[in-house]
Amino acid sequence: MGNVFDYEDIQLIPAKCIVNSRSECDTTVTLGKHKFKLPVVPANMQTIIDERIATYLAENNYFYIMHRFQPEKRISFIRDMQSRGLIASISVGVKEDEYEFVQQLAAEHLTPEYITIDIAHGHSNAVINMIQHIKKHLPESFVIAGNVGTPEAVRELENAGADATKVGIGPGKVCITKIKTGFGTGGWQLAALRWCAKAASKPIIADGGIRTNGDVAKSIRFGATMVMIGSLFAGHEESPGETIEKDGKLYKEYFGSASEFQKGEKKNVEGKKMFVEHKGSLEDTLIEMEQDLQSSISYAGGTKLDSIRTVDYVVVKNSIFNGDKVY
């Protein structure tokens, strides 16, 4: 599989700029039948997204994926979003009642535009069976399947009918899969993305390990169509979860999707809880991401996201931060 590296080991090399202002650069991306303002999607986690944020994102042309931790609310959520002319994008698991849920959607003629099959180890017969089940009953839904970390997994899920695959096993900030199990793409997520993208014939969503806005551009360079981000989206005014004050500073809770806080029990725990500094409004963060990505495109010598895909890069093994951690 060649060179192993992660986000902080890579620098992209500038090409001649062809724009007068970064505002001429277009950050939009198409996934399935819809076009979105940014190639970025907040993680489908309980401390990152709720109905209110999903609505805000959809109304403003950002992609979103609703989490699956209140399964009984999904049908009303789909109805509500579609009645307002917005896309419905939901998550499902692979347990037996999820099969019934998909059939119920079909029976009620409810077709979410996007369905994400979301389990920790997505290279499994359970996921393959669920992809086929959704494609049989809801053929118009765009199916994202994951999470995976190998080219074999990408190929198998695509062959089963997945419209996109989500790549990343445990690189997230509140994910401790790497510590608890010894497995995953933590520490080499960017190389894993590159490896998987070479095998893919359909879009890839890079999931986890993003610590700076520049990492979004690096993900695009190594084959991602969309980039899923947790920690950078945690801690906003609008974010779910409680706000606490400590030493005069405001913090918000952020926990992983397989943490005991989310599961309500200490069994098969692969997530942890942390408090992140309060970041102000979500809108400001999205605008900053867009502006930074416009700058990335201008450094890549183009006007569209695709220009980033062909730039040269170097592996800087001493880390680009030289010990100065920015996160």
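Backbone N, Cα and C define each Cβ position, glycine as well.
Copied over from Swiss-Prot, here are the features:
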- Cys175: active site, thioimidate intermediate (ACT_SITE)
- 204-227: NADP(+) binding site (BINDING)
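Cys175 (active site, thioimidate intermediate) carries a strand DSSP state (E or B). Under the DSSP three-state reduction, Ile204 (NADP(+) binding site) is assigned to strand.
In the structure as shown, the Cβ atom of Cys175 (active site, thioimidate intermediate) sits within 10 Å of 26 other Cβ atoms.
In terms of local Cβ density within 10 Å, Ser219 ranks first among the binding-site residues Asn213, Ser219, Thr225. A distance of 19 Å separates the Cα atom of Val216 (NADP(+) binding site) from that of Cys175 (active site, thioimidate intermediate). In sequence order, Val154, Ala164, Thr165, Lys166, Val167, Leu193, Cys196, Ala197, Gly223, Ala224, Thr225, Met226 make up the list of same-chain residues 6 or more apart from Ile204 (NADP(+) binding site) whose Cβ falls under 8 Å from its Cβ. In three-state terms derived from DSSP, Val216 (NADP(+) binding site) belongs to a helical segment. Neighbour counts of Cβ atoms within 10 Å were taken for the binding-site residues Asp207, Ile210, Val216, Phe222; the minimum is at Phe222.
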